[in-house]
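Comments concern the structure below.
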């Protein structure tokens, strides 16, 4: 009996010693695996990467299974795995560089939402017109907007008050800038064509941190999301730096091809009321010109152009842009007339085929047509958007009253095709309410 008791005691003692030895080995391995204690999974991964991905987790300078006798052949010198502790490690997986699954592996990489940069220049009595344009941009756009508003000092307070009242929308930010021209020739630039109009020429030099920008005149109305014209930037080839629409579709009524006394782009010139720019490329490019054999950068070419052509230009900064792209046609992307639809496209009969087929995307009420009775179809759209508020019910009810007003204009050439004025607008309203609340 005593013999059996001794055997039992001896077995228990051996088992206890074996257990102690196992725990001590486990503690040592854990200390080595965390680089001496206190390590995190991120630190382990960093250590592994710092060691060139070669077994650095187990200790600095250790390279692969050769340094670990007894390690299975499946432990390659580049082995790395992640192990969920609720499951046993698979038999064919090397455990040398194996980490527990951790939350950091599943952390979401949230990409910052791209902002669309929109610039406008407002002087004189252009406050209300500009605010209506900005409202049309906000109502239908999807991505956030960043407004760059260049205005005379006396308009800043009014702009700030009106825009701050819209801050509840949280879909846009804005920055107000003074009107600034190069000091040496400020007076000459300011009186070119219309007050402050030539400010747009200097946007690439002023907004140095902005990569791309959509410039629009104050008399622009967006009938579909700004996102859509912004997406045209992706269609630029490697040489294109800006995009505009033709000045005319029909050469028989074109201005540049009949009256211009300076070079102009293409057959009928381009209109700069809607101008999409990759300003990074504009700042880098060296432009061909007819003043010197040396190519000039944007900031160096503007004043020489004005000095050479100031007696021959009629439309100011737009004429200078036409001259630039006459000499550098490969740098311009031309988009269809429906992106810059003006009275000239319908007052002599419809001559914008793209608008007839797909509707008007951007309405450009130049010639002051929003404020007189010469083109009542244009004025009807302007008044509808000016009086529209941001409440959902008001936007939903925008179309029917507008269509009734447009039907009263059928005695004019533009009114006869009034349906193209609401075709895209109706789609934009439908799309707005089809989007989820987070997208609005």
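For all residues, glycine too, the Cβ spot is worked out from N, Cα and C.
Screening 237, 312 against Swiss-Prot annotations picks out 237 (annotated as N-linked glycosylation site). As stated in Swiss-Prot, the feature transmembrane segment covers range 7-29 out of the listed 7-29, 30-52. According to Swiss-Prot, of the residues 173, 387, 173 is the one noted as N-linked glycosylation site.
In the structure shown, across all protein chains, 278 is the one of the glycosylation sites 173, 237, 278 with the greatest number of other Cβ atoms within 10 Å. You'll find the Cα of residue 173 (N-linked glycosylation site) roughly 20 Å from the Cα of residue 278 (N-linked glycosylation site). Across the topological domain 'Cytoplasmic' (1-6), mean pLDDT in this model comes to 69. A distance of 11 Å separates the Cα atom of residue 278 (N-linked glycosylation site) from that of residue 237 (N-linked glycosylation site).
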